[in-house]
Structures are given as C-alpha cells and as structure tokens.
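Now, the feature entries from TrEMBL:
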BINDING   A:CYS211, A:CYS216, A:CYS219, A:CYS229  [2Fe-2S] cluster binding site
DOMAIN    A:1-89  domain 'FAD-binding FR-type'
Amino acid sequence: MRPINSKITQIVEETPSIRTFRFDTSLDDAQPGQFVMVWVRGVDEVPMGCSFKNGITVQKVGDATSRLFEMKEGDSVGLRGPFGKGFTLPAKDENILIIAGGVGVAPLGPLADEAASVGAKVTTILGARNASELVFEKRFSEAGGITVTTDDGSAGTCGFVTTVLAEMDVSEYDRICVCGPEIMMFNVLKMLEEKGAHDRAEFSLHRYFKCAIGVCGACCMDHEGLRVCKDGPVLNGSLLLDSEFGNYKRSSSSQRVKV
Amino acid sequence: MVKITGIEFRNPTILASGIMGTTGASLVRMTNSGAGAVVTKSIGPEPKIGHPNPSMVKLDCGFLNAMGLPNPSYADFVNEIKIAKEGADVPVIASIFGGNAEEFVRVAEGLADAKPDAFELNVSCPHAEGYGATIGTDSCMVEAITAAVCDAVDVPVWVKLTPNVTDIKSIGKAAENGGAAAVVAINTLRGMAIDINSGYPILGNRFGGLSGSAVKPVAIKCVYDLYEALDIPVIGVGGVSSWEDAVEMIMAGASAVQIGSAVHEGVEVFADIATGIEQFLQNNGYAGVEDITGLAHEVI
C-alpha cells in the first residue's frame with residue numbers, strides 16, 4: 001500500500017519527551033499491538049505502535065521523531081499499516097496483567113481499553129523513570145487496577161516494574177502483556193520463566209525495520225529467523241527463551257550490537 | 001532432484017537474493033519452508049547501512065524497493081554463512097557485490113572460508129551508485145569481474161543480470177565468456193512512485209526496482225532470449241509466485257527458478273511451488289524439469 005496522507009489533528013504532550021499525535025486517518029481494523037509505518041517525508045519512515053486507532057505515542061529519539069516533534073497540528077505525514085501481529089485479544093472474564101515501561105505504553109493502551117470493553121479484568125504495572133515521565137496513568141486506571149513504579153520513587157513504588165512483579169502471584173493471570181525497554185522485558189521474561197508463566201506472556205519487540213512487510217529479513221531474530229515485522233512485533237515468551245532477545249540485535253547494516 | 005552447475009538441488013525453487021537472507025537463521029528457516037537452495041543477501045567489502053526508508057512499498061502491480069545493499073561486510077557475514085551451512089540441508093549460495101573486480105575478489109575470498117556452494121555476482125542492483133547495474137550494463141566489466149572471481153574461487157560462479165539494458169544477451173554472453181557457470185535473470189526493473197499529496201518520491205532513495213507479478217513477462221522474455229544465446233544454464237527470477245509461473249519460466253528456458261517478493265504471501269511458497277511443479281511433471285508424463293526446460297523454443 002502507498003502511504004495514506006494523514007493530517008495531524010491533535011498533539012498531546014504526555015511528558016517532556018513523549019507526545020501523542022492524533023490523525024485524521026483512523027485505521028479501524030488495527031488490533032492492539034499492531035504498528036504503522038510513519039513516513040516523515042524527506043527524512044525517514046519509522047515503525048510506531050498504534051496507541052489509538054488514529055494515533056501514535058512517540059518518544060523523541062532520532063531524526064524522524066525529532067522532525068515529527070517540530071510539526072504542528074495541520075501538518076501531515078504518510079501512514080502505512082496496520083502491519084504485523086498484535087496481542088492475543090482478551091475475552092470476557094479473562095484476567096489480564098499489563099506490564100508497561102516508559103513509551104512501551106503505546107501498544108498497551110489500546111489493549112487495556114479493549115480488554116475492559118469486553119469485560120476482562122485488567123491489572124497494570126506502569127513504570128517510568130520518574131513521576132513526570134508516566135504516560136496513560138489515567139487510561140490504565142480506568143481499565144482496572146494499577147500499580148505505579150518509578151526509578152526514583154517520585155511516584156508509586158520506588159523501583160522497577162520487576163520490583164512489583166516479584167511480589168505478585170502471576171498464576172491467577174490468563175495472560176501477561178509486556179512492552180518497554182528490552183532489558184526491562186528480558187528481566188520480566190526471566191522472572192516469568194522462574195514462575196512458570198512465560199508461555200502465557202506476550203512481548204512487543206523492537207528491531208530495525210527496513211521493508212516492514214516481512215520480505216527483506218532485516219528484522220529477523222536468532223535462532224528461529226522470526227520476522228519481528230510480520231511474525232511479531234508481539235511474540236509469545238516461549239519463542240523468546242534461548243533467542244537473541246535481551247542479548248543482541250541487528251543494526252541498520254545488519255551487524256550484531258549488544259542490547 | 002535438479003542438478004545445475006554441478007550442484008544438486010532437492011527441487012528447482014531457490015530463495016532469491018535480498019529476501020530473508022540477512023542472517024544464517026533466516027536462511028535456514030527458508031530451507032525448512034521448502035526452498036531447494038538459498039541465496040544470501042548481497043554482501044560487499046564494507047558495512048553499509050543502505051538507503052533511508054521507505055525502502056519497500058507494495059503497489060497494485062508489484063513491489064518497489066530500494067534497500068541500498070545494506071550489509072555487515074564479508075568479514076561479519078562469514079559467520080552467518082557458516083550458520084546457514086550448518087543448519088541447512090540444501091546448497092547455500094553467496095551473493096556478492098563490489099565496485100570493481102578487486103573488490104569482488106576480496107569479498108569472494110573473504111567468504112570462501114564459510115564454504116558457500118556457489119557465488120552469485122550482483123551486477124544488477126538498479127539503485128546503488130557505483131555498484132550493481134552500474135557495472136552490469138557494461139559487458140567488458142561483467143566479463144572481467146566474472147573472470148577475476150572465477151580465478152579466485154573453486155566453486156561455480158553465477159552472474160545475476162539486469163534487465164535495464166538494450167540487449168541482455170550481450171551481457172549474458174560476457175558473463176559466459178568470463179567463465180560463469182550460469183546466469184540468473186532478472187534483477188528488478190527501474191521504477192518510481194510519487195506521493196501525489198506532497199509531490200515527494202515515496203522511496204527514500206527516490207527511485208528503486210520493481211519486482212513481483214508486473215515484471216514476470218519481462219523476465220520470461222529475458223530468460224527466453226538468454227536460453228537461445230548461451231550455452232550455460234539460465235536461472236529464472238522475476239514475478240514467480242505460483243507453480244504455473246515457475247513452469248512458464250522453465251519452459252522459457254530456466255533450469256530452476258528463484259523466488260523473491262512472493263515470500264510476502266507466506267514462506268511456505270517454496271514448498272507449494274515445488275509440489276506444484278512435481279505434480280505438473282507427473283501429470284504430463286515428464287521425467288524431470290529438464291524435459292520442459294526451453295520447451296517453448298522447441299514447439300515452434
């Protein structure tokens with residue numbers, strides 16, 4: 001598909017470094033965890049998890065996102081998608097644990113909305129560096145129970161999402177859905193493996209995407225050759241044990257780099 | 001079983017270069033999906049990040065891409081070929097590129113440790129300045145580079161040709177004269193797409209290469225012409241997404257077919273096509289692929 005010309009209708013400053021951009025394009029068939037390719041014309045095209053059917057929530061990290069942060073309401077970008085496989089859709093009366101770190105909230109926000117709307121029970125562990133970096137706290141609270149953690153203790157529990165997870169009985173959850181920095185997700189996976197719950201966990205991964213449609217292989221993971229852009233970006237924890245996850249990834253020239 | 005350039009393939013479907021060939025593990029996955037052989041992504045002398053995105057766009061008629069030969073360099077990729085060779089039970093062919101004969105030889109010698117079953121010379125990428133088709137449109141350079149690599153390695157050398165030339169037969173002949181064991185035809189056709197809302201060319205590199213079903217008739221004609229002009233085998237590639245496409249390509253003169261963009265529909269495409277070809281051969285009383293290779297030349 002060609003990029004859909006999409007006008008920015010609203011910009012919400014979530015934190016000093018994270019903004020939500022809403023568009024006049026709504027990808028109504030987007031499932032929680034799927035992503036769009038955002039074409040910042042003349043700069044680059046980058047993958048972004050859909051935080052709304054018509055929106056993305058972005059941290060300023062590189063050339064494309066920096067240019068995006070210079071844009072105003074009324075400016076436009078190109079959108080392609082939704083692509084990839086998202087989280088398993090929650091069913092009524094299921095018990096879902098959401099673990100979100102930093103801008104990892106982006107694909108998990110719509111999952112919480114969807115889960116609550118179908119009558120699933122939602123519990124969220126929401127982590128950030130400090131109180132000012134918390135995103136979607138109200139949104140997750142409206143979907144169910146929430147525990148906040150901050151690295152510096154400026155809000156909620158002082159520590160990491162794993163600090164809270166370590167004290168939890170995860171056996172009561174039908175599924176555990178995770179997104180955040182890879183090291184955080186890796187530590188969560190290890191903890192869930194110890195608790196025997198890794199095969200009930202789903203992780204939304206980040207890798208360098210080139211084609212984004214499952215052809216070129218730039219985002220393939222060792223050792224199964226899974227394409228993060230098409231077989232993921234959401235992958236079951238059992239597929240990630242004994243993989244490159246948490247250890248290394250590939251750069252834009254496909255060289256291995258440490259996570 | 002198919003034998004081309006002295007190498008045995010369990011079936012005549014081969015993963016094309018540039019598709020799922022970034023890592024040893026992804027190559028192994030393609031062999032598990034039924035590919036009779038796999039070709040790596042094109043590897044060059046130095047690490048290269050490629051063109052900015054968008055680098056691949058699906059259009060109504062096919063795919064446009066301009067990856068820009070991203071690769072980690074031969075020094076880094078040796079290990080990936082070793083992984084592919086250990087995990088795959090089919091031939092692994094190393095696609096290589098360079099800006100001149102010396103660079104091609106350096107890359108080929110650098111990868112030789114990993115013992116690829118053949119080399120495929122990329123003199124056909126349509127959108128990498130100084131590489132690919134820049135070289136592949138010059139028959140003297142094609143012959144010289146092919147000869148240099150053939151001298152440097154002890155496995156078969158295939159040469160992948162560009163259709164973006166006036167006469168593909170003359171380039172094919174140059175490869176044959178240089179000592180190529182086979183030619184592979186075709187690489188993508190130069191193409192471009194423009195976003196009418198902004199006027200921006202969609203690909204980060206502005207233009208790129210067209211693949212998919214749109215290019216199949218072009219590929220069929222090139223294979224047909226090359227089969228007639230050359231004594232070495234022709235491996236067909238371009239728009240093959242079904243067993244019927246593959247049989248058509250083989251009847252034009254291909255000894256085997258490579259499959260690229262069709263992986264978009266699912267990695268099981270190799271097994272589907274191989275099974276379809278086998279069934280077709282059986283149903284029509286043919287003993288093997290060689291019975292129908294170039295059939296279109298014989299019936300008229």
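Numbers run from 1 along the shown chain.
Keep in mind that glycine also has a Cβ here, set from the backbone N, Cα and C atoms.
Shown on the structure are the features that TrEMBL records.
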| residue | record | Cβ contacts under 8 Å, 6 or more apart |
| --- | --- | --- |
| A:CYS211 | [2Fe-2S] cluster binding site | A:ALA218, A:CYS229 |
| A:CYS216 | [2Fe-2S] cluster binding site | A:LYS210 |
| A:CYS219 | [2Fe-2S] cluster binding site | A:ARG207, A:TYR208, A:PHE209, A:LYS210, A:ARG227, A:VAL228, A:CYS229, A:ARG250 |
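With DSSP classes pooled into helix, strand and coil, the tally for the domain 'FAD-binding FR-type' (A:1-89) is 8 helix, 47 strand, 34 coil. Counting every protein chain shown, the number of other Cβ atoms lying within 10 Å of the Cβ of A:CYS229 ([2Fe-2S] cluster binding site) is 28.
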